[in-house]
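Peer 1: Grabbed the feature section from TrEMBL, which reads as follows:
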TRANSMEM  29-53  transmembrane segment
DOMAIN    36-466  domain 'Major facilitator superfamily (MFS) profile'
TRANSMEM  65-89  transmembrane segment
TRANSMEM  101-124  transmembrane segment
TRANSMEM  130-152  transmembrane segment
TRANSMEM  164-185  transmembrane segment
TRANSMEM  191-209  transmembrane segment
TRANSMEM  272-294  transmembrane segment
TRANSMEM  306-328  transmembrane segment
TRANSMEM  335-357  transmembrane segment
TRANSMEM  369-392  transmembrane segment
TRANSMEM  404-424  transmembrane segment
TRANSMEM  444-462  transmembrane segment
Amino acid sequence: MMVLVEEERSIEEGLLELSNQSDASGCRITACVILSTFVAICGSFSFGVAIGYTSGAEIGIMKDMGLSIAEFSAFASLSTLGATFGALFSGKMAILLGRRGVIILQMWVSDILCVIGWLCIAFAKNVLWLHFGRISSGIGIGLISYVVPVYIAEITPKHVRGTFTFSNQLLQNSGVAMVFFWGNFISWRKMALLGALPCVIQGIGLFFVPESPRWLAKVGADEELEYSLLRLRGRDADISREASEIQVMTKMLERDSKSRFSDLFQRKYRHIIVVGVGLMLIQQFSGSTAVISYTSTIFSKAGFSVTIGSTLLGIFMVPKATIGLILVDKWGRRPLLLTSACGMSITCMFIGLAFTLQKMQLLPKLTPVLTFLCVTLYIASYAVGIGGLPWIIMSEIFPMNIKVTAGTLVTLASWSSSSIVTYAFNFLFEWSTQGILFISLEHFYIFGAIGGAALIFIWLLVPETKGLSLEEIQTSLTRQAQRNKSYVD
C-alpha cells in the first residue's frame, strides 16, 4: 500500500512539474482541430431540429394527421425516449472501439437512423409512421450525445476547450432556430427533410476524424498518440510536454483500468458523479425541453402571435448561443452556470405569474407581452449556460477509467428525465381550463424553484475547469477527494 501511495505521489509531482513548464503546443488551433470538431458536431444540428420540431410542426401535424393531444405529446416525447435507449449502447461501443471507432461507427449508425427517422416523418401516412420515425431519430441522437463532447474535449487545446465543446450547443441552437423561423413558411414534412441534410455532410467528414490521443495512451499506442497529436497541433509543434502529461496521468489511472458500473460508487468518485448527474437533472427539470418543444403552444395560450413569436425567436436563437461560446473560456464555467440558472429561475416565475394573471382576468394586455419576453429571456439564459455547460463539464471531470460508465449513467439521467418532462408538460398544459391554472401555479413555479436550487448546487459542488488541461483537472479532483477522505476519517 505504501508503495502505491508513494508511486501516486511521484506521478502527481511529475504532473505538477509538467504543468509549470511552458506549453508551446497548446496555443495553436489547427485546421485539423476545426475540421474534427465540425464533423463531430454536425449531427447536433439535426438534434436541434428534433428538439424544436414539435413547436414548429404541432399545428400542422395535428391538423393533417388528426392527432389528439395525448398522441402528439407521445410523438414529442418518443425522441427523448429513443435517445435513452441509444445512450445505453453508446457506452458499450465506446469500450470496444475507442473514441475514433465510436465517432465513425456510432455516427454512421446515428446518421442512418436519423435519416430513416426523418424520412418516415416526412412521408408519414399514419401515426405509426410518425412514432417510428421519432424513435429512430431519437436512438440515433442518443448514440452520440455523450461521445461528441468527450471527443472534442480530448482533442482541443485547453485554452479553447470550452469554446470548441460549446460549439455543440451552438449547432443545436441553429437547428432549433431553423425550425422556429422556417416553420412559419414551409410544411412540417419539408422541415423533416431539412433535419436529415446534416447527416450526409457528417457521413463524408467522418473519414477525416483523427483518433483521441488520450484513448491511444490508454491502450498503450504511444507512437500513434504522438502522430495524432502532431495532426492536431501541427507538424512543427512541440508535443513532448502534452504527450508526457497524458502518459503520466494514464499511468496513474491504469490501476483502476476496469470500468464497471459498481466502480462509480467508490468514495473517490462520489463528488464527480453527483455533479454530473445533478447538472443533467437540473438541465431537464428546470423546464428547458418543455419550453423549447412547446413554445408555440405557450404563445398561443398566452394570446401572443405564434408566427411573430417563433420568427423572432428563430432570428435571435443563434446570437444567444454565441454569447456562451465567447464567454465560456473567458468567464469560466461556474459564473456562466450561475448566471444561466438565475435567469431561468426568474423568467419561469414571471411566466407562471403571467398565466396566473390571465386566469384571474387581471391586466389582460400584459400576459401576451410578458410571456413572450420571459420565454425569450428564458431560452437566452438556457443557451448561455445550462444548455451546453453540463455536457462540457461532464466531458472534463470524469477520469479515463470510468469515463464510459459514468457518461452512460449521466446521459441516461438526462434523456429519461427529458422524456418525462416533454410528455407531461404539453398534456397538462392543454388539459382544460384547470390544466392551464395547474401549469401556471405548479409547473412554471416548480421550474423556477428548481432553478433557484440549482444556484446552491452549482455554488457548493461544481468545480471550475477553465484553463486547465484534463490531466490537471484530474490531479486537482484527486487531491480534493483525498482531503475530504482525511477530513471524514
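Yeah, the Cβs are placed from backbone N, Cα and C, and that goes for glycine too.
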Peer 1: Under an 8 Å Cβ to Cβ limit, what residues of the same chain, 6 or more beyond the ends of the transmembrane segment (164-185), are close to it?
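Peer 2: Same-chain residues near the transmembrane segment (164-185) but 6 or more away: 33, 37, 40-42, 44-53, 55-57, 148-149, 152-153, 156, 191, 194-195, 292, 295, 307, 310-311, 313-315, 317-318, 320-322, 324-325, 328, 383, 387-389, 391-392, 395.
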Peer 1: Which sequence-distant residues neighbour the transmembrane segment (29-53)? Criterion: at least 6 residues beyond either end, Cβ under 8 Å.
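Peer 2: Same-chain residues near the transmembrane segment (29-53) but 6 or more away: 79, 103, 107, 110-111, 114, 118, 137-138, 140-141, 144-145, 148, 151-152, 155-157, 160, 164, 167-180, 188, 191-192, 194-196, 198-199, 201-202, 205-206, 208-210, 231-234, 289, 292-293, 295.
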Peer 1: Cβ under 8 Å to the transmembrane segment (65-89), counting only same-chain residues 6 or more beyond its ends: which ones?
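Peer 2: Same-chain contacts beyond the flanks: 50-51, 54, 58, 110, 124, 126-127, 130-131, 134-143, 145-146, 289, 293-294, 408, 411-412, 415-416, 418-420, 422-423, 426-427, 430-431.
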Peer 1: Apart from its near flanks, which chain residues at least 6 from the ends of the transmembrane segment (335-357) lie with a Cβ under 8 angstroms of it?
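Peer 2: For the transmembrane segment (335-357), the list is 282, 286-288, 298, 301-302, 324, 327-328, 363, 366-367, 370-371, 374-375, 377-378, 380-382, 384-387, 389, 436-437, 439-441, 443-445, 447-452, 454-455, 458-459, 462.
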Peer 1: Name the range, of those listed as 101-124, 130-152, 369-392, 404-424, that has the largest tally of Cβ pairs under 8 Å with the transmembrane segment (272-294).
Peer 2: 404-424
Peer 1: State the non-local partners of the transmembrane segment (306-328) in its own chain: residues 6+ outside its ends, Cβ under 8 Å from one of its Cβ atoms.
Peer 2: 55-56, 59, 162-163, 166-167, 169-170, 172-174, 176-184, 295-296, 299-300, 336, 372, 375-376, 379-380, 383-385, 387-389, 392, 466
Peer 1: For the domain 'Major facilitator superfamily (MFS) profile' (36-466), provide the mean pLDDT of the predicted model.
Peer 2: 80
Peer 1: Taking residues 6+ outside the transmembrane segment (404-424), which of them lie with a CB under 8 Å of any CB in it?
Peer 2: 73-74, 76-77, 79-81, 83-84, 87-88, 90-91, 94-95, 142, 145-147, 150, 259-261, 263-264, 269, 272-273, 276-277, 279-281, 283-285, 287, 289-290, 293, 390, 394, 398
